[in-house]
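K.L.:
Structure provided below as C-alpha coordinates; questions to follow.
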(Lines of atoms letter the chains of each structure in order from A; the text may use other names.)
(Lines give C-alpha, C1' and ligand atoms only; values in the text may rest on other atoms or scores of the structure.)
Protein backbone atom coordinates (compact mmCIF):
# COMPACT_ATOMS: atom_id res chain seq x y z
CA UNK A 1 0.00 0.00 0.00
CA UNK A 2 1.43 3.35 -1.05
CA UNK A 3 1.61 6.57 0.92
CA UNK A 4 -1.50 8.61 1.71
CA UNK A 5 0.78 11.65 1.47
CA UNK A 6 1.55 12.33 -2.18
CA UNK A 7 3.71 15.45 -1.91
CA UNK A 8 6.25 15.55 0.93
CA UNK A 9 8.60 18.41 1.81
CA UNK A 10 11.93 17.56 3.42
CA UNK A 11 13.52 20.04 5.81
CA UNK A 12 16.89 19.43 7.44
CA UNK A 13 19.27 20.65 10.10
CA UNK A 14 21.76 21.36 7.35
CA UNK A 15 24.60 22.47 9.66
CA UNK A 16 24.73 19.03 11.29
CA UNK A 17 27.47 16.63 10.28
CA UNK A 18 26.26 14.06 7.78
CA UNK A 19 23.01 15.92 7.09
CA UNK A 20 23.33 15.72 3.30
CA UNK A 21 23.64 11.94 3.17
CA UNK A 22 20.88 11.51 5.76
CA UNK A 23 18.49 13.74 3.82
CA UNK A 24 19.36 12.06 0.54
CA UNK A 25 18.69 8.61 1.99
CA UNK A 26 15.34 9.74 3.40
CA UNK A 27 14.35 11.38 0.12
CA UNK A 28 15.05 8.20 -1.82
CA UNK A 29 13.15 6.15 0.76
CA UNK A 30 10.12 8.45 0.41
CA UNK A 31 10.30 7.94 -3.34
CA UNK A 32 10.02 4.18 -2.88
CA UNK A 33 6.84 4.80 -0.88
CA UNK A 34 5.20 6.66 -3.74
CA UNK A 35 5.91 10.20 -2.52
CA UNK A 36 6.97 13.15 -4.65
CA UNK A 37 9.73 14.84 -2.66
CA UNK A 38 10.65 18.52 -2.56
CA UNK A 39 13.49 20.03 -0.52
CA UNK A 40 13.01 23.23 1.46
CA UNK A 41 15.06 25.92 -0.27
CA UNK A 42 17.49 26.76 2.57
CA UNK A 43 18.09 23.06 3.14
CA UNK A 44 18.78 22.55 -0.57
CA UNK A 45 21.13 25.52 -0.93
CA UNK A 46 23.16 24.57 2.15
CA UNK A 47 23.46 20.86 1.39
CA UNK A 48 23.71 20.92 -2.39
CA UNK A 49 20.71 18.63 -2.83
CA UNK A 50 19.74 20.08 -6.17
CA UNK A 51 18.43 16.92 -7.83
CA UNK A 52 15.03 17.47 -6.19
CA UNK A 53 12.56 20.34 -6.66
CA UNK A 54 13.03 23.12 -4.11
CA UNK A 55 10.29 25.12 -2.39
CA UNK A 56 10.13 27.97 0.09
CA UNK A 57 7.68 27.88 3.01
CA UNK A 58 4.85 29.37 0.95
CA UNK A 59 5.46 26.82 -1.79
CA UNK A 60 5.42 23.97 0.71
CA UNK A 61 2.16 25.31 2.11
CA UNK A 62 0.60 25.45 -1.35
CA UNK A 63 1.91 22.20 -2.83
CA UNK A 64 2.71 19.69 -0.09
CA UNK A 65 0.53 17.66 2.25
CA UNK A 66 3.27 16.65 4.70
CA UNK A 67 6.51 18.17 6.00
CA UNK A 68 9.22 15.82 7.24
CA UNK A 69 11.73 17.56 9.52
CA UNK A 70 15.16 16.01 10.11
CA UNK A 71 16.99 17.65 13.01
CA UNK A 72 16.27 18.73 16.55
CA UNK A 73 13.40 20.53 18.21
CA UNK A 74 14.86 23.89 17.16
CA UNK A 75 14.70 22.90 13.50
CA UNK A 76 11.11 21.78 13.96
CA UNK A 77 10.10 25.00 15.73
CA UNK A 78 11.71 27.18 13.07
CA UNK A 79 9.93 25.64 10.09
CA UNK A 80 6.78 24.89 12.08
CA UNK A 81 6.20 28.59 12.76
CA UNK A 82 6.30 29.25 9.01
CA UNK A 83 4.04 26.35 8.04
CA UNK A 84 1.42 26.56 10.80
CA UNK A 85 -0.71 29.02 8.83
CA UNK A 86 -1.09 26.41 6.08
CA UNK A 87 -2.14 23.56 8.37
CA UNK A 88 0.61 21.26 7.08
CA UNK A 89 1.21 18.25 9.37
CA UNK A 90 4.77 17.80 10.63
CA UNK A 91 6.75 14.64 11.31
CA UNK A 92 10.10 14.83 13.10
CA UNK A 93 13.16 12.59 12.75
CA UNK A 94 15.59 13.36 15.53
CA UNK A 95 19.15 14.42 14.75
CA UNK A 96 19.41 16.77 17.72
CA UNK A 97 19.76 16.14 21.43
CA UNK A 98 16.54 15.74 23.43
CA UNK A 99 13.96 15.56 20.65
CA UNK A 100 10.69 16.10 22.51
CA UNK A 101 8.84 16.86 19.26
CA UNK A 102 11.27 15.31 16.77
CA UNK A 103 10.56 11.93 18.28
CA UNK A 104 11.46 9.37 15.61
CA UNK A 105 14.95 7.92 16.07
CA UNK A 106 17.00 8.29 12.89
CA UNK A 107 18.11 4.66 12.89
CA UNK A 108 14.44 3.56 12.98
CA UNK A 109 12.96 6.00 10.48
CA UNK A 110 12.14 3.49 7.72
CA UNK A 111 10.28 1.03 9.94
CA UNK A 112 8.52 3.88 11.75
CA UNK A 113 7.55 5.93 8.70
CA UNK A 114 6.12 3.12 6.57
CA UNK A 115 2.91 2.68 8.62
CA UNK A 116 2.67 6.42 9.26
CA UNK A 117 2.69 7.15 5.54
CA UNK A 118 -0.15 4.63 5.18
CA UNK A 119 -2.20 6.64 7.67
CA UNK A 120 -1.33 4.86 10.91
CA UNK A 121 -0.37 7.72 13.22
CA UNK A 122 -1.42 9.81 16.23
CA UNK A 123 -2.18 13.48 15.55
CA UNK A 124 -1.16 16.07 18.13
CA UNK A 125 -2.29 19.69 17.68
CA UNK A 126 -0.68 22.47 19.71
CA UNK A 127 -1.60 26.13 19.88
CA UNK A 128 1.03 28.73 19.14
CA UNK A 129 1.63 32.05 20.91
CA UNK A 130 1.28 35.45 19.27
CA UNK A 131 3.36 38.21 20.85
CA UNK A 132 4.16 41.84 20.22
CA UNK A 133 6.17 44.65 21.78
CA UNK A 134 4.33 47.95 22.11
CA UNK A 135 6.30 51.18 22.60
CA UNK A 136 4.53 54.51 23.06
CA UNK A 137 1.33 52.97 21.73
CA UNK A 138 2.96 51.56 18.59
CA UNK A 139 3.88 47.96 17.79
CA UNK A 140 7.64 47.82 17.18
CA UNK A 141 8.05 44.03 17.00
CA UNK A 142 5.76 41.02 16.59
CA UNK A 143 6.40 37.31 16.39
CA UNK A 144 4.82 33.91 16.85
CA UNK A 145 6.31 31.34 19.20
CA UNK A 146 5.70 27.69 19.98
CA UNK A 147 7.80 27.22 23.12
CA UNK A 148 7.98 30.45 25.05
CA UNK A 149 8.30 34.19 25.31
CA UNK A 150 11.14 35.24 27.61
CA UNK A 151 11.82 38.70 29.01
CA UNK A 152 15.18 38.93 30.74
CA UNK A 153 17.86 41.27 31.95
CA UNK A 154 20.72 42.24 29.70
CA UNK A 155 24.40 41.44 30.03
CA UNK A 156 24.95 44.03 32.75
CA UNK A 157 24.53 43.16 36.42
CA UNK A 158 21.25 43.81 38.18
CA UNK A 159 17.69 42.60 37.96
CA UNK A 160 14.77 43.86 35.93
CA UNK A 161 11.47 44.93 37.43
CA UNK A 162 8.45 43.74 35.49
CA UNK A 163 4.77 44.61 35.90
CA UNK A 164 2.58 41.64 35.05
CA UNK A 165 -1.07 41.92 34.03
CA UNK A 166 -3.57 39.28 32.90
CA UNK A 167 -6.52 40.55 30.85
CA UNK A 168 -5.78 44.06 32.07
CA UNK A 169 -5.82 43.05 35.74
CA UNK A 170 -2.70 43.72 37.78
CA UNK A 171 -0.98 40.56 39.06
CA UNK A 172 2.29 41.76 40.61
CA UNK A 173 5.54 43.59 40.06
CA UNK A 174 8.39 41.13 39.93
CA UNK A 175 12.09 41.86 40.45
CA UNK A 176 14.04 39.01 38.91
CA UNK A 177 16.50 38.09 36.20
CA UNK A 178 13.49 37.67 33.94
CA UNK A 179 10.16 35.99 33.29
CA UNK A 180 9.22 33.04 31.07
CA UNK A 181 5.77 32.66 29.54
CA UNK A 182 5.71 29.08 28.30
CA UNK A 183 3.22 26.95 26.40
CA UNK A 184 2.72 23.28 27.30
CA UNK A 185 5.30 22.48 24.59
CA UNK A 186 7.72 25.00 26.11
CA UNK A 187 7.17 23.68 29.62
CA UNK A 188 9.81 21.01 28.92
CA UNK A 189 12.38 23.63 27.83
CA UNK A 190 13.76 26.75 29.57
CA UNK A 191 10.74 26.94 31.90
CA UNK A 192 11.55 23.48 33.27
CA UNK A 193 15.16 24.51 33.94
CA UNK A 194 13.87 27.55 35.87
CA UNK A 195 11.70 25.41 38.14
CA UNK A 196 8.41 25.46 36.27
CA UNK A 197 5.93 22.57 36.09
CA UNK A 198 5.30 20.26 33.17
CA UNK A 199 2.04 21.00 31.34
CA UNK A 200 0.38 18.22 29.37
CA UNK A 201 -0.05 19.29 25.71
CA UNK A 202 -3.84 18.94 25.97
CA UNK A 203 -4.05 21.67 28.64
CA UNK A 204 -5.23 25.02 27.18
CA UNK A 205 -2.88 26.98 29.38
CA UNK A 206 0.45 28.68 29.88
CA UNK A 207 2.86 28.83 32.77
CA UNK A 208 4.54 32.00 34.05
CA UNK A 209 7.94 31.19 35.53
CA UNK A 210 10.12 33.86 37.18
CA UNK A 211 13.87 33.53 36.60
CA UNK A 212 15.82 33.87 39.87
CA UNK A 213 13.23 36.11 41.59
CA UNK A 214 14.34 38.40 44.41
CA UNK A 215 11.21 37.54 46.39
CA UNK A 216 11.24 33.81 47.00
CA UNK A 217 7.44 33.68 47.22
CA UNK A 218 7.25 34.60 43.51
CA UNK A 219 6.44 31.13 42.25
CA UNK A 220 5.37 29.75 38.86
CA UNK A 221 1.66 30.08 38.10
CA UNK A 222 -0.46 28.28 35.50
CA UNK A 223 -2.93 30.44 33.55
CA UNK A 224 -5.55 29.90 30.88
CA UNK A 225 -4.34 30.61 27.35
CA UNK A 226 -7.70 32.21 26.54
CA UNK A 227 -6.56 35.51 28.07
CA UNK A 228 -3.86 38.06 27.29
CA UNK A 229 -0.71 38.45 29.35
CA UNK A 230 1.11 41.78 29.43
CA UNK A 231 4.59 42.35 30.82
CA UNK A 232 5.77 45.95 31.20
CA UNK A 233 9.39 46.98 31.70
CA UNK A 234 9.41 49.07 34.89
CA UNK A 235 13.14 49.18 35.69
CA UNK A 236 16.39 47.60 34.60
CA UNK A 237 19.03 48.16 31.93
CA UNK A 238 19.45 46.39 28.60
CA UNK A 239 16.41 44.14 29.01
CA UNK A 240 15.60 41.93 26.02
CA UNK A 241 12.81 39.68 24.79
CA UNK A 242 13.08 36.33 23.04
CA UNK A 243 10.29 34.60 21.13
CA UNK A 244 11.59 31.06 20.64
CA UNK A 245 14.70 31.84 18.55
CA UNK A 246 13.63 35.35 17.55
CA UNK A 247 14.98 38.23 19.62
CA UNK A 248 14.43 41.91 20.27
CA UNK A 249 17.72 42.89 21.82
CA UNK A 250 16.84 46.16 23.54
CA UNK A 251 13.71 46.95 25.52
CA UNK A 252 13.04 50.38 27.00
CA UNK A 253 11.29 51.40 30.19
CA UNK A 254 7.56 51.45 29.51
CA UNK A 255 7.70 48.86 26.73
CA UNK A 256 4.81 46.39 26.98
CA UNK A 257 5.09 42.82 25.76
CA UNK A 258 1.69 41.25 25.16
CA UNK A 259 1.13 37.55 24.58
CA UNK A 260 -2.06 35.83 23.46
CA UNK A 261 -2.99 32.57 21.82
CA UNK A 262 -2.37 32.53 18.09
CA UNK A 263 -5.10 31.60 15.65
CA UNK A 264 -2.78 28.90 14.28
CA UNK A 265 -1.80 25.48 15.57
CA UNK A 266 1.12 23.21 14.79
CA UNK A 267 0.04 19.74 13.71
CA UNK A 268 2.45 16.99 14.78
CA UNK A 269 2.10 13.40 13.64
CA UNK A 270 3.53 10.66 15.86
CA UNK A 271 3.81 6.89 15.41
CA UNK A 272 0.72 4.86 16.30
CA UNK A 273 0.68 4.19 20.04
CA UNK A 274 2.75 7.30 20.84
CA UNK A 275 2.40 8.51 24.42
CA UNK A 276 3.46 11.85 25.92
CA UNK A 277 4.35 10.02 29.12
CA UNK A 278 6.61 7.58 27.27
CA UNK A 279 8.40 10.63 25.85
CA UNK A 280 8.85 12.16 29.32
CA UNK A 281 10.19 8.92 30.77
CA UNK A 282 12.69 8.53 27.95
CA UNK A 283 13.86 12.12 27.57
CA UNK A 284 13.95 12.99 31.29
CA UNK A 285 15.39 9.60 32.28
CA UNK A 286 12.64 8.74 34.74
CA UNK A 287 12.87 5.34 36.44
CA UNK A 288 16.38 4.67 35.20
CA UNK A 289 18.07 2.18 37.44
CA UNK A 290 14.75 1.11 38.98
CA UNK A 291 14.22 -2.63 38.89
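Backbone N, Cα and C define each Cβ position, glycine as well.
Checked Swiss-Prot, it gives:
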- 73: active site, proton acceptor (ACT_SITE)
- 73, 74, 147, 148, 175, 177, 188, 189, 190, 191, 192, 193, 212, 246: NAD(+) binding site (BINDING)
K.L.:
Could you state, as a whole number of Å, the largest distance between Cα atoms of any two of 73, 74, 147, 148, 175, 177, 188, 189, 190, 191, 192, 193, 212, 246, the listed NAD(+) binders?
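P.N.:
31 Å is the greatest Cα spacing among the residues binding NAD(+).
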K.L.:
According to DSSP, which of helix, strand or coil covers residue 192 (NAD(+) binding site)?
P.N.:
helix
K.L.:
Please report the number of other Cβ atoms within 10 Å of the Cβ of residue 188 (NAD(+) binding site).
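P.N.:
Other Cβ atoms found within 10 Å: 24.
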K.L.:
List every residue in the same chain as residue 73 (active site, proton acceptor), at least 6 positions away in sequence, whose Cβ is under 8 Å from its Cβ.
P.N.:
92, 96, 98, 99, 100, 101, 102, 189
K.L.:
Does anything in the same chain, at least 6 positions from residue 147 (NAD(+) binding site), have a Cβ under 8 Å from its Cβ, and if so what?
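P.N.:
Listed in sequence order: 77, 182, 183, 185, 186, 189, 190, 244.
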K.L.:
Mind telling me which of the binding-site residues 192, 212 has the densest Cβ neighbourhood, counting other Cβ atoms within 10 Å?
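P.N.:
The most densely surrounded of these binding-site residues is 192.
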K.L.:
What three-state secondary structure does DSSP assign to residue 175 (NAD(+) binding site)?
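P.N.:
The residue in question, residue 175 (NAD(+) binding site), is strand (DSSP, three-state).
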